[in-house]
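Peer 1: What TrEMBL records for this protein is below:
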REGION    1-27  region 'Disordered'
COMPBIAS  13-27  compositional bias 'Polar residues'
REGION    109-229  region 'Disordered'
COMPBIAS  121-140  compositional bias 'Low complexity'
COMPBIAS  192-205  compositional bias 'Low complexity'
REPEAT    326-360  repeat 'WD'
REPEAT    361-394  repeat 'WD'
REPEAT    409-450  repeat 'WD'
REPEAT    451-485  repeat 'WD'
REPEAT    526-567  repeat 'WD'
REPEAT    568-604  repeat 'WD'
Amino acid sequence: MASSAVYNHRPLQPSSGRSNPTQATGSMSARLVDTLDIIKQEFEAMTSEIETIRSQKDDFESKVASQVAELNVIRRSLYELESQHSKARQLYEDELSRLRLELAAAQPPPARPLGIQGLPSASGSQSQSSDAVIASASASARHEAKSSVDGDDRRRPREFNHRERDREVDRAQDGRDPKRLKTKNESGQFTPSLSSASALKLPPSHTLYAPRSSSSHGYDSPDRRSSLPPLNVAEEFTLQSVPPEYKKEGPDWFAVFNPKLKKALDINLVHTFIHTSVVCCVQFSADGRYLATGCNRTAQIYDTKTGEKVCVLVDENVAKQGDLYIRSVRFSPDGKLLATGAEDRQIRIWDIAKKRIRHIFDGHQQEIYSLDFSKDGRLIVSGSGDKTTRIWDMYDKSCKILTISDADSLNNDAGVTSVAISPDATLVAAGSLDSIVRVWDVASGTLLERLRGHRDSVYSVAFTPDGKGLVSGSLDKSLKYWDVSVLATEGARIKTENATRKSTPTLSGRSSSIDRPAISPCTMDFVGHKDYVLSVSVPSDNRWVVSGSKDRCVHFWDARNASLQFLLQGHKNSVISLDLNLMGGLLATGSGDSLARIWSYNTV
């Protein structure tokens, strides 16, 4: 009994703490289903969002394509309008030429200077009758030309017809001191906008085109007279008038080669860099690998081979209000630094690798328009609207000031627009608003020469690679080549005299050395641009002279005889700045159309 009682017990019941396997499996399945549902919902939401983004992207691409197509239509229309305008202008000029010939055959005019239109300025009733005939014919031809383009000029934007966005030349709405403002008077001539009511006007319009008398400027060079090209050299050939083998066209550019010369060069577009504002300046690095550009507030550096933008330099400490155009950029010879000159009167020296400012040179009282490094990288020269050229020492940070206190009577303003230092760093040249190019000795600060000959402001100067020549470009639409080979010797002589007299070097822009006759004659005139010459450059082989103008063209001139090899139109606005690669074969242009471009040129 006792034994059976031991085994006769009630079955054990499951403890309440233990779960039923079936129930546990069901709970896990439910949670898994919920998780999967959440994941599914998130996936569907993401899919929907992706579809929305994809739809937006398609819409955006469609709009972009539509706008590109519209721009292409506008571009084609502009090209057609330009072509029609050129044809109408040619008809107008042909008609004028024919009428002039008829008038000249009927009665030869007296020997008087010719105006800009080539009309005789005789007096008396006979002259009035001739003027009436020409005026009537001109009005008829002008009406015919205007009708041929169906009023297209009226449909062009106002700023395209009346002035370009060229802040380098015309910044009339800016309260700061521009290089110089120009306005048209009632006779259609450009005159300086000066504050003084008694300011002198520019010479008569015909003097902008007629060859100058060499004796009036203190020299008489037979070479200079014999090397003058025809005054209308650029007018003699156009895209429509030259044979096919003498012209070359791209999608938005063209080049026209001089049919009277053997074709010696070819030109091609390599890169186009779009900027957000006017491109005021361009410069290649010494090794040719990089191109620097300056525009509003920023300087950019591009790889010349790939076209990639490798660096953007902007001073974040500058106030964001208003414009701050970078007027000049210059690489140091070793390519490690970039100097920028701006409207805030400061020269910033940038460490390119670190993208930060290493040093700031401060001292100019007005906008800085031009900079140039010496070949050894020790000196940097700056030119400003404050009528000073300054030579800064990169090592000890000292500054030598060359002040212009003898402004010419053209407009009584000698603001410095362009500076250049000779290859051996012995001379500094500066072009100014008063039409004079001044040359100083670097060591003593003595003014060695005033180069007179231009009839309007000088906007660009450049030494030839051998240091024996100096090229200047002016608002009188011409370039000049000056022989400055004697000036280095003159500077050494003055340095010796100063050492002998133990006198303090003169930095005032005056010196007794320039009381003697001019020793740096102008040996060549380069005539052919239709508007202001804003930039000049000379390649390392000294073979060509290249110029950029407000007429939107770049001219390649033969440096030996001033003949025009070809003209290039690759911008829709002024060519404000250009530079030639020291390694050869590349040209950079910066324009008011907010584009910088790299071109390749080679001999054929």
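A Cβ is built for glycine as well, from the same backbone N, Cα and C atoms used for every other residue.
Describe the structural surroundings of these features, if you would.
Peer 2: Remark: secondary structure over the repeat 'WD' (326-360) totals 0 helix, 23 strand, 12 coil, with classes taken from DSSP.
Remote same-chain partners of the repeat 'WD' (361-394), defined as residues 6 or more beyond its termini with a Cβ less than 8 Å from a stretch Cβ, comprise 176-179, 327-334, 339-343, 345-347, 349, 400-405, 407, 413-421, 423-425, 428, 430, 432, 438, 440, 442, 445.
Across the repeat 'WD' (409-450), DSSP helix (H, G, I), strand (E, B) and coil residues number 0 helix, 21 strand, 21 coil.
A mean pLDDT of 96 is what the model gives for the repeat 'WD' (451-485).
Panel annotation: around the repeat 'WD' (568-604), residues 164-169, 250, 252-255, 263-284, 286-288, 291, 293-295, 302, 304, 307, 531-532, 534-541, 546-550, 552-556 of the same chain, lying at least six beyond its termini, place a Cβ under 8 Å from a Cβ of the stretch.
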